[in-house]
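Chemist: Features from Swiss-Prot:
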| type | residues | note |
| --- | --- | --- |
| SIGNAL | 1-53 | signal peptide |
| CARBOHYD | ASN72 | N-linked glycosylation site |
| DISULFID | CYS85-CYS138 | disulfide bond |
| BINDING | ASP98, GLY209, THR217, GLU219 | Ca(2+) 1 binding site |
| DISULFID | CYS168-CYS252 | disulfide bond |
| BINDING | GLN180, ASP231, VAL232, ASP234, ASP304 | Ca(2+) 2 binding site |
| DISULFID | CYS194-CYS247 | disulfide bond |
| DISULFID | CYS199-CYS210 | disulfide bond |
| CARBOHYD | ASN241 | N-linked glycosylation site |
| CARBOHYD | ASN321 | N-linked glycosylation site |
Amino acid sequence: MYSTECTILLIEIIFYFFAAVVVYDAIHKMANSPIFCIAVLAVVFAVSPKCFAQNYGINVPITGSLDVAVPNKTDDQIGLTSSLCIYYPNEAEIEINDNEWKNTVAQLLLTKGWPTTSVYLNGYADLQSFSNNPQLNCDYNIVLVKYDQNAGLDMSELAELLLYEWLCNEMDVNLYYYQQTSEANKWIAMGSDCTIKVCPLNTQTLGIGCQTTDVATFEQLTATEKLAIIDVVDGVNHKVNYTIATCTLKNCIRLNQRENVAIIQVGGPEIIDVSEDPMIVPKMIRATRINWKKWWQVFYTVVDYINTIIQAMSKRSRSLNTSTYFLRI
C-alpha cells in the first residue's frame, strides 16, 4: 500500500506531464496559426489581473479558535432588556415602615437605567427558608444578607449554595452507606437542627476509629446548624447519622456558577469571602460587603452602585429555582 506522500508525488508527475504536452501542442499551433496565437494572448491578459489581485481569504490560515468574544458596540443599557430582583430580609421593610418605599427604590433605579417594570423587590423571612427555596428567577439577582454573628446559618456556606448550581438527590442513611467521589461532590444539610455524625468505613465495611453500631463513637461534623455543606474524604464509604425529623441531607454535585447571582453582606467586621474557601473552585468576585447603618442607607448604596455590581455578573440563561436547577431531584 502506497503512503499518502507517494500518491501525491505520482499525481504531480502525471499533472506536469500532461501540462507539458498541452503547452507543447499550444506552442506548435501558435507557430502555425496567428489567430490561435492572438486568442491565447487575449486569454492570458484577461486572467492575469485576477491572479495578482488581493487575496481576501482563500488561503487565510486559521491558527486559533474562532470562538472569540465580540464586544457589544451598541452600548445598549442592560436595564432596558433585563429584569432585576433584589432580595432583602423582612426586617428591612419593618424598619423603613413606609408603604411607598418599594416605589421609591424603583424610581431611584430608574435614574440608573432600570425601568420600574423591570425591578422586583422580594422579602424573605429568614435565611434558612430562603436557602431552601430561593426562587432566583430574574435575569439578575442580588441577595442582601444582614450579618449576624449569633446566627446558626453559616453565611459563607449560604454564599456557596446560592452562587453555584447543584444537582442533588435525597440520602437514605438507614439503608445505604455513602461516599463522595470528587471535589465537586458534597453533602448539603438543611433544617432547624442539623447535627451530622459519620463513621468512615474500610473495605470490609468496618468502622475506622468508630463502631458502626454505636453512634456515640461517630465523628461529629456539625452541631445544631441550619445549613451545612459537608466535605468528607473522597472515595471512602461512610455510615451517616442525623435527626431526620429536624434535618434533610442530600448528596449533591456542584455544577456551573450561577453568574446571574450576587450576594451583598450588610454589616459585620469582615466580608463573606467565599473565594477563600478551599472548597470553592474557581474563584469568584460576586460577593461583597457594605457598611450597616439603616436600611434606607443600604438601599441607597445598592442603587448608587447597581451597574457596577451588574458588571461582575452575567445574564441568566434559564430559570433558576428548586424545581429546575437549584436542588434538582
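Placed from the backbone N, Cα and C atoms, the Cβ positions cover glycine too.
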Chemist: Given the binding-site residues ASP231, ASP234, ASP304, which one's Cα is the least distant from that of CYS168 (disulfide bond)?
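Modeler: With Cα distances computed to CYS168 (disulfide bond), the winner among ASP231, ASP234, ASP304 is ASP231.
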Chemist: Measuring Cα to Cα, how many Å separate CYS247 (disulfide bond) from ASP304 (Ca(2+) 2 binding site)?
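Modeler: Per the Cα atoms, CYS247 (disulfide bond) and ASP304 (Ca(2+) 2 binding site) stand 40 Å apart.
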Chemist: Name the secondary structure element type, per DSSP in three states, that contains CYS247 (disulfide bond).
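Modeler: DSSP call for CYS247 (disulfide bond): strand.
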Chemist: Expressed to the nearest Å, what is the distance separating ASP304 (Ca(2+) 2 binding site) and ASN241 (N-linked glycosylation site) at their Cα atoms?
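Modeler: That comes out at 48 Å between the alpha carbons.
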Chemist: Determine, using Cα-Cα distances only, which of these recorded positions is closest to ASP231 (Ca(2+) 2 binding site): ASP98, CYS194, GLY209, THR217.
Modeler: CYS194
Chemist: Restricting to the same chain and to sequence separations of six or more, state which residues have a Cβ under 8 Å from that of ASN241 (N-linked glycosylation site).
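Modeler: Residues satisfying the criterion: VAL173, ILE196, LYS197, VAL198, CYS199, VAL215, PHE218.
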Chemist: Which of the recorded positions GLY209, CYS210, VAL232 has its Cα nearest to the Cα of CYS85 (disulfide bond)?
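Modeler: Spatially nearest to CYS85 (disulfide bond) by Cα position is VAL232.
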Chemist: In angstrom units, rounded to an integer, how far apart are the Cα atoms of THR217 (Ca(2+) 1 binding site) and ASP234 (Ca(2+) 2 binding site)?
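Modeler: Cα to Cα, THR217 (Ca(2+) 1 binding site) and ASP234 (Ca(2+) 2 binding site) are separated by 21 Å.
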